[in-house]
Amino acid sequence: MGSNKVMDQVWPLRAQWADGELRLGGFDVTQLAATFGTPVYVLDEDDFRARCAAWTTAFPDADVHYGGKAFLAPAVVGWLRELGLSLDVCSGGELAVAQRGGMPPERVVFHGNNKSVAEIERAVGWGIGCLVLDSFDEVERVARAARGCGIRQAVMVRVKPGVDAATHAAWATGGEGTKFGLSMASGEAAEAVRRVLAEPSLELVGLHSHIGSQIFDLGSFGTAAERMVAFLRAVEHEHGVAIGRLDLGGGLGVHYLPGEKEAPTPAQLAEVLRAVVPEDVQLALEPGRSIVAPTTVALYQVGTVKGRYLSVDGGMSDNPRPATYGSAYTAVLASRTSDALPADFTVVGKHCETGDILVDGIDLPGDVRPGDLIAIPCSGAYQRSAASNYNQVPRPPVVSVRDGVAREIVRRETEEDLLRLFV
Ligand SMILES: Cc1ncc(COP(=O)(O)O)c(C=O)c1O
Ligand SMILES: N[C@@H](CCCC[NH3+])C(=O)O
């Protein structure tokens, strides 16, 4: 067990193996577990900041909107604000977190295929930077809300570019079959543009596409960009207007397992897009997973060891990804070293389903025992943000570590929190 087991891209940049245990942001995992309990999500704030900087450096002239759905908290909003990033939200709840975190409204973009009238009115009334229109219904609804506020609302139209990028079917959003956006091929998107331009209370500032999430093939981003640029030029030609902005969404993939070849970087994506997007078009991007996933490690305590089953104190309620999508993770014994021969374990949670598996088949020291801490890296995206209270299990906290300070940015949920919902 050497330090090399935390040198892989799946770990936060400053994860170390020191004095026989895993250290995150300068804190031993046993210390973090003693202070905050387990399960706990530990987020390395410096790593988060460095990954944001990698995007803004790779795209110095673009607007980088962090995809808040991956993981959002008011503290995160504060970091984004400081770092000059903007924010993409897709619900009233995410909007509320943006507001709590003090994000200026003009730096927020609101997505979603079914924003409620109340959400639209709230966003417009707040002075939100932009709404991304996803249907003809929304063209009318947002126009009405803007008229009601006596303003002209900046909007984009979400377009299906017809790009089927290689990823899990549930995360692919660029093809004709998706529920998101309006079809370029069928003429629906062009019709939406016409309707927007006919509404005096709407200002068409750009076009938007997002081809999906966890995508490694840069060529797919390039193809989508080419189609969107061609569409943008066609719209400009048809209507004699300049559409200054192209938002190409998020979706850059990360690796969850050690030893895989390096994931594509923002700089590599920038190279591909620079070759396609003309200089007079302002680019916007919406990375979520690629910023936050590798910054965070999930820490669990082993409760029971039964044959190959290693049961920990969390599970599918705090990380639904393996049970939902069959997503693969790695895990390490984090609280001590061991010379015991490795054995093949299945790390399972405490929920009442056989499918409540966190890591399906992993070599861990054969003497792993109750009380040990297990760390699962690359746990920052779509885990705590997608957590549930299945089996009335309270959701774990998120602790950020930086500069010798470890603090809860999302506190642990309590049973009182759960009981407060019942009438
Ligand atoms: C519109 C939009 N933008 C950005 C994102 C963020 O994607 P990712 O976390 O894969 O970067 C998503 C989620 O897939 C999305 O739906
Ligand atoms: N929830 C998915 C990603 C969804 C992408 C959101 N638009 C995941 O866990 O990877």
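Numbers run from 1 along the shown chain.
Glycine is treated like the rest: Cβ placed from N, Cα and C.
Within the model, the domain 'Orn/DAP/Arg decarboxylase 2 N-terminal' (46-293) carries an average pLDDT of 97. Per TrEMBL, domain 'Orn/DAP/Arg decarboxylase 2 N-terminal' is recorded for 46-293.
For K69, the entry in TrEMBL reads N6-(pyridoxal phosphate)lysine. Shown in sequence order, D88, C90, E94, G288, Y382, S385 are the residues of the chain, 6+ apart in sequence, with a C-beta less than 8 angstroms from the C-beta of K69 (N6-(pyridoxal phosphate)lysine).
According to TrEMBL, the pyridoxal 5'-phosphate binding site annotation covers G251, E286, P287, G288, R289, Y382. A C-beta separation below 8 Å, combined with a sequence spacing of at least six in one chain, links E286 (pyridoxal 5'-phosphate binding site) to V64, H65, Y66, G67, D88, V109, H210, D247, G249, G250.
What TrEMBL records for R289, R321, Y325, E353, Y382 is substrate binding site. A simple way to gauge crowding: the CB of Y382 (pyridoxal 5'-phosphate binding site) has 24 other CB atoms within 10 angstroms, across all the protein chains here.
Feature annotation from TrEMBL assigns domain 'Orn/DAP/Arg decarboxylase 2 C-terminal' to 296-380. Residue counts for the domain 'Orn/DAP/Arg decarboxylase 2 C-terminal' (296-380) under DSSP, split into helix (H, G, I), strand (E, B) and coil, are 5 helix, 37 strand, 43 coil.
Same-chain residues at least 6 positions away in sequence with a Cβ under 8 Å from that of C352 (active site, proton donor) are, in sequence order, N391. What TrEMBL records for C352 is active site, proton donor.
Mapped onto three states, the DSSP output places R289 (pyridoxal 5'-phosphate binding site) in helix. Just so you know, the Cβ of R321 (substrate binding site) picks up 19 other Cβ atoms within 10 Å once every protein chain is counted.
Within 10 Å of the C-beta of Y325 (substrate binding site) we count 14 further C-beta atoms, all protein chains included. In sequence order, G67, A70, S213, Q214, G250, G251, L252, G253, V254, A381, Y382 are the residues near R289 (pyridoxal 5'-phosphate binding site), counting only same-chain partners six or more apart with C-beta under 8 A. Each residue contributes its Cα atom, and for P287 (pyridoxal 5'-phosphate binding site) and R321 (substrate binding site) these two points are 19 Å apart. Taken in sequence order, the binding-site residues E286, P287, G288, Y382 that lie near ligand 2, meaning a CB under 6 Å from one of its atoms, are Y382.
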